[in-house]
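All remarks here apply to the structure that follows.
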């Protein structure tokens with residue numbers, strides 16, 4: 001569904017054309033038509049292009065962005081290790097309760113709180129701590145939130161037998177990870193060349209899956225110990241990961257948009273030069289610098305950004321916040337955590353009794369599928385990936401839930417004797433298909449879209465609110481899933497199936513394509529009110545030719561059913 005016009009990734013705005021663009025209009029309604037007309041008249045002067053470079057030329061930039069994306073590894077490591085901690089004997093003995101038989105166990109409530117409270121900390125941290133990146137810069141912000149994460153790990157690793165101490169440590173480490181989840185994709189999106197921006201932001205999700213996988217492997221390697229080594233090794237390694245993260249921040253470039261905002265223009269040019277692999281005096285680089293600076297100066301004229309500005313419909317900020325919240329919420333409601341929770345039960349039906357082996361199998365599929373996503377997000381576009389992902393996951397859930405209800409446990413959860421080995425095998429296959437579909441589309445695609453959507457003045461706030469929605473749904477699903485699955489077993493799958501149907505239609509009608517556009521061009525597209533299903537054919541003002549019909553893109557009077565079946 002991505003159009004050819006939208007993928008001309010090497011075009012840059014000139015200062016002259018930018019002065020006429022909608023991005024510079026305080027009131028979109030009053031200047032929208034005038035800007036379109038003037039832009040078409042001025043189209044005789046072609047924009048300055050950055051030199052076309054092979055992907056190998058961006059190796060250094062990719063490595064630098066990989067260092068920034070390592071924040072995703074920290075989040076993934078926590079996810080991978082905590083899922084195993086709650087099944088380790090020493091952890092249960094220290095932080096669990098005794099039953100009538102004198103054995104220790106973790107109640108569903110206590111286990112749910114220990115695991116899911118992390119998400120609450122992340123939601124708060126994303127909203128509160130992301131502001132550090134606006135004040136002191138993205139790099140300093142990432143170092144700060146990483147330090148807060150370390151404090152939380154210290155509290156957890158020094159816990160002896162008080163579950164609430166571990167609980168508090170989880171909240172504090174969540175604060176740090178919440179800040180990382182906002183600032184890491186934000187910095188990547190602001191330093192990455194637009195030709196490969198989607199791929200580089202996708203590295204954050206790749207590092208998440210790598211952290212989850214290695215966390216699973218660490219738990220598997222320590223499970224045979226009979227003391228605190230079982231879980232303290234996993235926590236102790238966090239100090240190595242955070243040291244690497246902080247060290248890496250010494251080498252990555254600061255966001256050129258932040259540098260321009262605080263008046264460090266020469267540093268901003270050097271940052272752009274480092275990211276785009278051109279000299280600091282290159283005309284195309286200077287043109288992009290002028291475009292960014294003009295947009296920032298315009299935003300400054302409106303005064304300091306406030307939280308209330310997120311409710312503005314005049315500049316389409318509220319619509320973007322709503323879209324970001326919906327996309328991040330729907331990512332959780334795809335049901336990926338449901339599969340991670342139920343995977344052990346299903347795999348047991350074919351003889352895999354070791355839950356740690358089950359986790360590793362799921363982690364392997366999740367991790368290696370993420371490599372494909374690094375390619376597909378830029379090749380096929382954000383919107384297309386989300387649509388295909390929703391459709392394929394929907395099919396997986398339809399088969400998984402139906403086979404579970406009718407063949408595996410036909411008499412319900414009260415009779416859990418496996419009645420069909422073939423049914424169990426079928427469900428495992430579709431579990432893997434689901435994880436593959438999720439990892440290659442929605443897992444990282446949501447972060448890419450959200451990081452590209454908001455104008456600079458409200459970017460940290462908008463991303464924080466959207467990401468907080470993800471964390472809140474993560475808390476609700478991880479806390480209540482054990483209770484829900486105990487009550488309705490595989491019928492729970494139909495709930496997520498319904499959510500995926502909604503997700504498909506929501507993406508089609510409300511999520512625009514941003515592939516191949518600069519962040520400033522994305523802002524212009526939103527201001528022009530381009531329908532999402534026609535966004536792949538939208539052309540930035542400075543690249544329009546005389547035969548470009550902006551009205552045909554901005555307005556579509558066809559019936560809904562005809563729009564839906566068009567590209």
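Positions of Cβ are set from backbone N, Cα and C atoms, glycine also.
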Feature N-linked glycosylation site, as given in Swiss-Prot - residue among 6, 227:
227
Can residue 309 and residue 406 be said to be on one side of the membrane, going by the domain names in Swiss-Prot?
no
With Swiss-Prot as the source, identify the stretch among 280-300, 301-321, 385-405, 406-426 annotated transmembrane segment.
385-405
Write down the single range among 337-353, 524-540, 541-557 that appears in Swiss-Prot as transmembrane segment.
337-353
In Swiss-Prot, which of the ranges 57-77, 78-98 has the transmembrane segment annotation?
57-77
From 171-191, 255-275, which range did Swiss-Prot mark with transmembrane segment?
171-191
Using Cβ atoms and a strict cutoff of less than 8 Å, what residues sit near the topological domain 'Cytoplasmic' (451-467) while being 6 or more residues removed from its termini?
122-123, 126-127, 130-131, 133-134, 178, 181-183, 185-186, 188-189, 197, 201, 257, 261, 295-296, 299, 302, 305, 307, 309-310, 315, 317, 320-321, 323-325, 327-328, 382, 514, 517, 519, 522-523, 526
Applying the under-8 angstroms CB criterion, which one of 140-160, 198-218, 360-377, 468-488, 490-510 scores highest with the transmembrane segment (171-191)?
140-160
Could you tell me what the rest of the chain brings near the transmembrane segment (140-160), counting residues at least six beyond its ends with Cβ under 8 Å?
68, 71, 74, 94-95, 121, 125, 129-130, 132-134, 166, 168-180, 183-184, 187, 232, 235-236, 238-239, 242, 245-246, 249
Take a look at 113-133, 360-377, 385-405 and tell me which one has the most Cβ pairs under 8 Å to the transmembrane segment (198-218).
360-377
Taking residues 6+ outside the transmembrane segment (490-510), which of them lie with a CB under 8 Å of any CB in it?
323, 326-327, 330, 333-335, 338, 383, 386-387, 390-391, 393-394, 397-398, 400-401, 404-405, 408-409, 481, 484, 532-533, 564
Find the member of 233-253, 360-377, 385-405, 468-488 that has more C-beta pairs under 8 Å to the transmembrane segment (57-77) than any other listed stretch.
233-253
